[in-house]
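Only one structure is covered here, and it is reproduced in the block below.
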Amino acid sequence: MKPRPLIAGNWKMNGLLRQLSELEKIAAEALEAGEGKDLLICPPATMLSASGGALFGKVAIGGQDCHAEASGAHTGDIAAEMLADVGATYVIVGHSERRADHDESDADVSAKATAAWRAGLTAIVCIGETEAERQAGKTLDILGGQLAGSLPDDVTEKNTVVAYEPVWAIGTGRTPTLDDVKEVHDFLRAQLSDRFGADVAGGIRLLYGGSVKPSNATELLAVDNVDGALIGGASLKAEDFIAICRACPTLEA
Ligand SMILES: O=C[C@H](O)COP(=O)(O)O
């Protein structure tokens, strides 16, 4: 059976408390637009607690990163337990911006996914190729390596979501062709199946991310093995986020 879709917004380093009104608008439409789907917003850490209030339990909240350890002398970092403490149920790990800006390796990402599970959170594990890697014909090799190295052994359909985000498509307005998205998502499902078995692999949500907008969401979300989206810029506007939620097909009963 296909997994229940997940539409996730990643606000990145954007958002002040005065923008809670956007979340209130999302909450107002969430029940209808999100029927049969899971909705999630990952605001900056400073807004997590207030976001939970503004979304009123109609949309889940998540962190954008976590430290591998539960506590300690790590100035500026956030433990998965701290995210859970303010109501988060998901955390993004291994986003390409973290990998690039903070030199995070696949092993670091795997340790963060384990930390997320320890705190009872679902880890959204991100992978993606650069433009140079795609042009060199290495996309599947790169993604296969990132997937293998970034996922710990105890993956389940509940504790893990995988997000495919081509680095060159993030914030650029460019997207892969639908055939390219299908090729990658089919490949990821097969890799997961080889490692974790078909039952677990079939239940893991595979998100596409990278310049998802209301204008392209319908076609991207209809691709085989695409079980939702991870949305950056367009998630900052309630109207756009809700339009993307509506574009996502629901499962047949
Ligand atoms: O996490 C979200 C992605 O990096 C996509 O960002 P974008 O929708 O602004 O391209």
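A Cβ is built for glycine as well, from the same backbone N, Cα and C atoms used for every other residue.
According to TrEMBL, the feature active site, electrophile maps to His95. Sequence-distant neighbours of His95 (active site, electrophile) (same chain, 6+ residues apart, CB-CB distance under 8 A): Asn10, Gln64, Asp65, Cys126, Glu165.
Sequence annotations record features per position, and here TrEMBL assigns active site, proton acceptor to Glu165.
As annotated by TrEMBL, substrate binding site applies to Asn10, Trp11, Lys12, Gly171, Ser211, Gly232, Gly233.
DSSP assigns Asn10 (substrate binding site) to a strand segment in the three-state reduction.
Each residue in Asn14, Ile170, Ile231, Ala234, Ser235, Leu236 lies on the same chain as Asn10, Trp11, Lys12, Gly171, Ser211, Gly232, Gly233 and has a C-beta within 8 Å of the C-beta centroid of that substrate site, without being one of the site residues.
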